[in-house]
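Notes follow the structure.
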Amino acid sequence: MHNPPKLFLKFFRWYCHPRLAKPIEGDLMELYDERVKELGKKKADWKFIKDTLLLFRRDIIKPAGGGQRLNNYGMFKSMIKMAWRNAIRQKQFTVLNLLGLTIGISTCFMIGLYIHDEMTFDAFHEKGDRIYRVNQPFIWGDWDRMMASTGPNLATALREDAPAFEEVTRILSLGSLTATAANNGNRSNAFKEDRIYAAEENFFDVFSFKLKAGDTKSAFDDPQNIMITEKTMRRYFGEDARPEETIGKNIEIKQYDNSWKAFSINGILENVPTRSHIQYDMLVSLKSESEMMQAHGWKWIWTAFSTYGLVKEGTNVAALERDIQAIPPKWAPPTTERIFNQTFEEFTDGNPWKLDLQPLSEVYIAGSPRGHSFGPTGNPLFIKIFGAIGLLVLVLSAINFMNLSTARATNRSKEVGVRKVLGSERSTIVKQFILESVLFVLTSTALALMVVQLTLGTFNHLAEKQIEILPFFQNPTFYLIVFAFILTLGFIAGSYPALYLSSFKPIESLKGKIKTGFKGRSIRNGLVVFQFTISIALIITTFFVQKQLTYASNVDIGFAKENILQLHNVEELGFETEALKNRLAANPKFTVVGKSFGVPPFVYSSDRYKAAGPETPVVQLNNLRIDEDYLEVLGLEFLSGRNFDSNRENDKYRVILNREAVKNLGWNVENAVGKSVALASGGEEEHEVIGVAEDFNFNSVKQEIAPLILIHHYNDIVWDYGAGLSFYSMRLNQEAITSTDDLNQLLISLEEEMKQIDPTVPFEYSFMDQEFEATFRSERKMATILNVFTIMAMIIACLGLFGLAAFSAEQRTKELGIRKVLGASVSELAVTFSKEFTRLVLIAILLACPIAWYFVSQWLQDFAYSTPMEVWVFIAATIAAMLIAIVTISFQSLRSANRNPVETLKDE
Amino acid sequence: MKKFQLGEFEEIVMLTVAILYDDAYGVSIKKEIENRLNRSVSVGALQSALKRLEDKDYLESLDKDATQERAGRPKRYYKITALGKEAMQYTKETRNSLWEAIPSVSLDVKFATL
């Protein structure tokens, strides 16, 4: 048989109206065939070409576009109809699929929201993309570590030497101050303000904090200017205070010498957005510190400032950062020479005094430098961990979907066979399955959004966040992302089932040859193993996280931290507080009372010391001022020597070291007593060591015990004499306090006592064990969230296993029936049935253990005191996972085993 | 008043379909017209006429007989509908009435050649 010119035939097929194409083509072929016989191929070809060209006329050509679209629409309609019918027919699978996907997507969305929330901190500043914080090395010791605070002189230097900065502004952290809205000398309305800072005139030129009343131009013109937030205003002036009327009123702030200094309110600020790394209640003009600034303004070591720069538009920040490295060597030498009597090189000891420009968007989340004094900092590790878990849970649920879909292969194989026989191409079948999966994902996403909205409150409570999802619905980008998410996930989850199911050969599938899904089986098993590996690894990890947290809060910190009550703000009562101490000591509810100028776990003050004598190395020691009773409150052991003695006048210039400090100074416990230490910064005075105390944790248990020097509270030759916060710590007499009522009563009486001495001093107290506990807050938070997500992952894995078990039960109905007829007992059948899955879970356990071991050991490295990696945890987690898996399949296995063989075997 | 519209070629096609009765499909119609009227008919002209007639509901069609020489494509057989029959009748009657209205002299050839 001859063929007409292909090109023209194709042309004809292309333009011809589909309704006419086939019969006309038939006519053309018939004529062609005839003509070839009569006239020969050549003439027939020419006539064919003429015919096709003459057929190209209005009535024959298909309408432009219309026909095509109509066709596809019909196909999609049919596909959607098929998807719906299949979903309805197999309700169990549909529910399992939707449940798995919904859990996975909700978890993923929730984590996505959390990460988005963390990543968009400080995003509200209008010039935010041009704001940089200047960080410098920790010049007090570890030069490799960076810190977020600098001396005041850095800003001066930057203004002079770096013209690329449009503005440079400093913020001074003022620590903790007592303030009152003075009312005719009545200062009883006093509050402790921790979030009070001094800011410069150009503060609002850099940052976009908004005002309720007043204006930003003249904000800090006058040294007496103060701005307070709306919330603070209500605190001092009552709930119905009006911003406009509050301007001009006075706030008095207690100074370090306990005098009161008046500030005039110059503006009311809007409450600070929660997602700002600078959190304040009050801002005073930096000019109020002019005396201090004049005395120390040239200094590079008064590291209480944070320096922020606003670069000009189009600045090459990398080049700028390179240029400003020249500033410290140029400007800092006068400071080092005058304060430490050291040249710049001697002071830095060869370490570069580098200046880092950190973009504002990274200040919160970068995790380095650790901490700053203005507000919260994020933890990039948590972001990584949560991000990984969110992705894993999503992958788990996608795998679930693939697994269940391919498990249904037998049910769908006939459908695929019939479709193929009717002329469906493989690509069409692939499209159909992918469409089905996209529809599943679409439904689950809609459900997940609802779940997220419903559970967001609980999540916010756990994570201590204020995330809302509703505002996202007004954001077109959000829709785009969700849309892209649905398509991507639908495509990924649907791809394997689609390729697998569409590969069936119609003859085999219609004959029913595809039984247990031949090759698909090993892949499915692999997927189940993968799911369980991840779930079990997560279980083991959470186990260890819990164990570590328990361990760390129970670790022996060197003294009994329980039952120690700490009274704050003692420094405001003046330096001489013996009267109060005597009254506290007389209270039978306390056994010992001691004073200190810092309380564990917050002893951060440190200085540079050296052993007395020439050419001794400088060592960094933490220091703490205490009275002679404080160590007794802690119940600390002495390794050698003795405690301070109130009867020996000269003890006030003597010091006590801890074991670590003795080691750092190059001595040992036996020979240290009697030797002397001196401050490394110039002073000639030497302090004799009278005792060595056992190491104890004066900081969070996350850190190793640092060297510590204990200084007598009356020691007036050390420079910080008379400054800083002081506390009274009381060990509770447990026999006198038997109930919480007793404790409350005690606190009330304590408050009265304080108020009698000075009513303007805020009454604040804490319990030391709770403070230690609180240093693990963020870890606890993480542990809780981790628990929730682990449960999610486990549920998804179980859903998958359940689905597979149900499928397998259906497949093996006859086998189990025959076994039963031949005499197998119900329990034997259940075991036979479970064996297959138990094996998979066992493999998963073998894989999960080393993975979990690796990650846990990595995490534990962050802790100075870590719980040992005991084997029983692995065994316990293994058994738990095994039990969960067995319970999951037992429903199916028992049902299959209990079925009456007559029913299962009667057909066929 | 155009109650039934039927062009010259269309009318020929209708008549041929009627003649062929059971065997009226593309090629057979084409050949029948070519044989009887001794004029050549292109596939395009014929098919477009057939489509127009079908759109006007004068013809109806049925696909069958996919044979080897037609490369598995069906033949589309046409049949005249009741409406189609009416249309043919109408055309024929209009012609007849016109013929009858012609005075006999007007067709006198001698007169005409004058």
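Placement of Cβ uses the backbone N, Cα and C atoms for every residue, glycine included.
All TrEMBL annotations are machine predictions without curation.
Feature annotation from TrEMBL assigns domain 'MacB-like periplasmic core' to A:94-326 (among others).
If you look up TrEMBL, you'll see A:95-115 (among others) marked as transmembrane segment. Here the transmembrane segment (A:95-115) has Cβ contacts under 8 Å with residues 383, 386-387, 389-391, 393-394, 396-398, 400-401, 404-405, 440-441, 443-445, 447-449, 451-452, 455-456, 459, 463, 465, 467, 469, 489, 493, 789, 792, 795-796, 799-800, 802-803 of the same chain, all six or more residues outside its ends.
Feature annotation from TrEMBL assigns transmembrane segment to A:381-404 (among others).
Per-residue confidence over the domain 'ABC3 transporter permease C-terminal' (A:388-505) averages out at a pLDDT of 88. Under the heading domain 'ABC3 transporter permease C-terminal', TrEMBL lists A:388-505 (among others).
Among the features that TrEMBL reports, transmembrane segment is placed at A:433-456 (among others).
Under the heading transmembrane segment, TrEMBL lists A:476-501 (among others).
Taken from TrEMBL, the feature transmembrane segment covers A:522-545 (among others). Beyond its flanks by at least six residues, the transmembrane segment (A:522-545) meets 389, 392, 396, 399-400, 402-403, 406-407, 496, 779, 782-783, 786-787, 789-790, 793-794, 796-797, 800-801, 804, 837, 840-841, 843-845, 847-849, 851-853, 855-856, 859-860, 867, 869, 873-874, 876-878, 880-881, 885 of its own chain at Cβ-Cβ distances under 8 Å.
According to TrEMBL, the domain 'MacB-like periplasmic core' annotation covers A:598-712 (among others).
Feature annotation from TrEMBL assigns transmembrane segment to A:785-809 (among others).
Taken from TrEMBL, the feature domain 'ABC3 transporter permease C-terminal' covers A:787-901 (among others).
The transmembrane segment annotation in TrEMBL covers A:837-856 (among others).
As annotated by TrEMBL, transmembrane segment applies to A:871-891 (among others). Nonlocal intrachain contacts for the transmembrane segment (A:871-891), taken as residues 6+ away from its ends with a CB within less than 8 angstroms of a stretch CB, comprise 532, 535-536, 539-540, 543-544, 547, 794, 798, 801-802, 805, 830, 833-834, 837-838, 841-842, 844-845, 849, 852-853.
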